[in-house]
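*Asks:* What follows is a single structure, and I will ask about it in a moment.
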């Protein structure tokens, strides 16, 4: 009887430990951090104590940080030097680094994929060499600074292509050649161990869109093959389309894994604490989740469970939880942050990362 009494609590603790560490990557994108700090913003933990944001994240279960990298931004925001500085802090806090290469001087997304200044817009051979050399330069710079990189995404939300006009979706062979060149910029770099290479699309819930892109780019007759990349990343936002259900996300992730054999991650997602005037109806199987701090916890746990229950599902990243100067985060909702924008204090929802 005594043995059973002792064993049962141990089993409970073991099960809890396994449940709280089911995802390999429990992450956040905090690319804006250095810009926020330059504006005088300081962050507080849930107890109101001022601390570096990276330490607050780590204490709440975050183990990886996503960083967007721009090529030649006019003001230096998110350029290579900026990201080396941020990554050194991330590593010092004990978290891994995931670089999100935009291959642009500014935002890259389904509506914007502007080729950097000085890169070719009329010759694909020249452009692919520029992509290869730039990608290798980024990786080599991190290596020379002693910074390990866990993941490199070759493009950001590239369902509609990248590096326009040459990489528009009217020419999937060009897209494939660009991605192949980027992948080998990582592979031929001096980073050791080598990062995992990711392709990242938006609308992760839309299996037909995901399948269309990968089937076209892998059958274009160009250089890209499945062995060029390791991971498939998707964005999953609940406030842009009522069809973005959890059920649809589940189907899409499972199909991506079974069709292409890659590990899968949700690399951008958010949930609002305030959304008085949403531009679109929320998906039907999310309507029971309140727009609140508690709702953020519930939403992240549900998405994380879907990822964890997908064969090869290994990670979730929350997009910009602490960008207090941009609480809407580009959406029609008023506030998607896990840090209070007025007090700069971490909300209790931030601790959800310790549970996924």
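Cβ from N, Cα, C; glycine included.
Quick caveat, the model's predicted, so the values are computed rather than measured.
Among the features that Swiss-Prot reports, signal peptide is placed at 1-21. The N-linked glycosylation site annotation in Swiss-Prot covers 133. What Swiss-Prot lists as active site, proton donor is 157. Taken from Swiss-Prot, the feature active site, nucleophile applies to 268, supported by similarity to another entry.
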*Asks:* For residue 133 (N-linked glycosylation site), which of the three DSSP-derived states applies: helix, strand, or coil?
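*Replies:* Looking at the DSSP assignment, residue 133 (N-linked glycosylation site) belongs to a helix.
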*Asks:* Cα-Cα, whole number of Å: the residue listed as 'active site, proton donor' versus the residue listed as 'active site, nucleophile'?
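*Replies:* Counting only the Cα atoms, the answer is 10 Å.
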*Asks:* Using the alpha carbons only, what distance in Å do you get between residue 133 (N-linked glycosylation site) and residue 268 (active site, nucleophile) once rounded?
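*Replies:* Here the two Cα atoms lie 27 Å apart.
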*Asks:* Just how many other Cβ atoms lie inside 10 Å of the Cβ on residue 157 (active site, proton donor)?
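*Replies:* Its Cβ shell of radius 10 Å holds 26 other Cβ atoms.
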*Asks:* Using a 10 Å radius around each Cβ and all protein chains in view, which of these recorded positions has the most neighbours: 133, 268?
*Replies:* 268
